[in-house]
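Read the structure below first, then the notes.
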Amino acid sequence: MESFTRAELVAQRDGVWAVCGEVFEAYEKCRMEKGSDPELCLRESTAVVGCSQKVMREIVKNCQKELNESVKCIEENNMRTIPCEEENKAFNECFDKLVAPKFL
């Protein structure tokens, strides 16, 4: 399993949520219904990791340049994304064009 920095996760969050939102919601629902024992929601947790990893691999494969620019800006601004609108816009456009269609 690949590992990502905090800034990479922040930069990718909207794209990952757009594709994996239903999986995330199923996991949260399970946690609310069954409590905090991780084994009770293992299937849902595995689905979250699997979906997220698939999306992030496609982002790295297709939008690496835009991701790097967004991450650099986020890191330079103490993990704040507001000053990085231009970089985030370029990343989101790449995601919408090259990554999202693979999951529709």
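Just so you know, glycine gets a Cβ as well, placed from its N, Cα and C.
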C73, C94 - which one Swiss-Prot pairs with C84 by disulfide: C73
Correct range for motif 'Cx9C motif 2' (source Swiss-Prot, candidates 8-18, 41-51): 41-51
Residue among C30, C63 that, according to Swiss-Prot, closes a disulfide with C94: C63
Among C30, C84, which are disulfide-bonded residues, the residue with the most C-beta atoms within 10 angstroms of its C-beta: C84
Folded-back contacts onto the motif 'Cx9C motif 1' (20-30), same chain, C-beta under 8 angstroms, at least six residues removed: 40-41, 44-45, 47-48, 51-52, 55
Beyond the flanks of the domain 'CHCH 1' (17-59) by at least 6 residues, Cβ under 8 Å: 1-2, 4, 67, 95, 98-100, 102-103
